[in-house]
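Taken from TrEMBL as is:
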COMPBIAS  1-11  compositional bias 'Basic and acidic residues'
REGION    1-22  region 'Disordered'
BINDING   C98, C103, H174, H179  Zn(2+) binding site
Amino acid sequence: MENKKCKKEDTDAPPLRRNRPGTKFKDAYKWKAPKFSELDPMFACQEYLQLLVRDEPTNINKLMEVPEKQSPYVWEYEHFRQICLEMNYLLVLLQEECVDGNCIYMYIEESVVFCGAHSTPQECCPMNYAVHNLDRVTALLNSDKHFPSRVYVKEKYQKYFRGIAFRLYCILGHAWSEHASIFYKFEGERSLYARLMALSDRFDLIPKKMLLFPRPDIVAACMAVHNRDLLSLHRQ
């Protein structure tokens with residue numbers, strides 16, 4: 001009787017969502033997306049956001065929708081965790097091109113950005129700026145002192161999100177300004193800049209006077225022209 005009961009419980013259990021050994025990359029993550037209510041309450045926002053990003057990274061409006069009965073500050077917090085995670089992939093793409101010989105100072109167009117990850121802000125090469133600030137932001141987001149819970153974030157910590165948003169914005173800004181081909185390829189696949197700016201608009205994070213490069217719609221238009229020119233070049 002006990003064995004039958006165990007079998008029945010196994011049958012009623014929700015299907016496991018994992019990639020089996022030997023799964024090809026193109027076949028990975030092909031399971032049916034669960035409802036938000038079916039996710040582990042402790043990590044529901046994180047899991048749900050990652051599902052949305054994986055399935056529809058360009059659907060910015062959907063990504064900005066706070067799940068029902070969830071705190072907007074928790075949703076904002078999880079967005080920053082996810083953006084930091086994906087930003088590391090951008091650094092991997094930049095590491096061979098964005099080196100001391102090519103990029104000495106942290107420029108966004110003609111503006112020099114100082115690195116605030118030090119006790120006294122100082123000039124860093126762009127790759128060091130990116131690594132320093134990603135490390136600092138990641139440490140802050142994982143701080144038990146400031147963010148002890150994954151299901152509740154105090155409104156007063158919104159001030160940290162403003163600083164985080166601008167630091168991440170500067171990293172993307174340098175990639176756009178000095179490494180356009182890499183930036184457009186990355187942005188075309190992930191819409192990371194569009195997501196960051198939508199988050200900034202949604203939660204009023206980066207003042208307009210501090211914006212150093214174009215809005216996502218202008219960047220998207222530039223990306224379309226860049227891709228068209230690249231395609232024409234390949235056809236010649």
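Heads up, the Cβ atoms here are built off N, Cα and C, so glycines get one too.
Feature annotations (TrEMBL) mapped to structure.
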| residue | record | DSSP class |
| --- | --- | --- |
| C98 | Zn(2+) binding site | coil |
| C103 | Zn(2+) binding site | coil |
| H174 | Zn(2+) binding site | helix |
| H179 | Zn(2+) binding site | coil |
Practice task
Within the same chain, and leaving aside C98, C103, H174, H179, name every residue whose CB is within 8 angstroms of the centroid of the CB atoms belonging to the recorded Zn(2+) site, in sequence order.
Solution key: L94, E97, N102, P126, M127, A175, S177, E178
Handout entry: Greatest C-beta neighbour count within 10 angstroms, which of the binding-site residues H174, H179
Key = H174
Completion exercise
Within 10 A of the CB of C103 (Zn(2+) binding site), the number of other CB atoms across every chain shown is 19
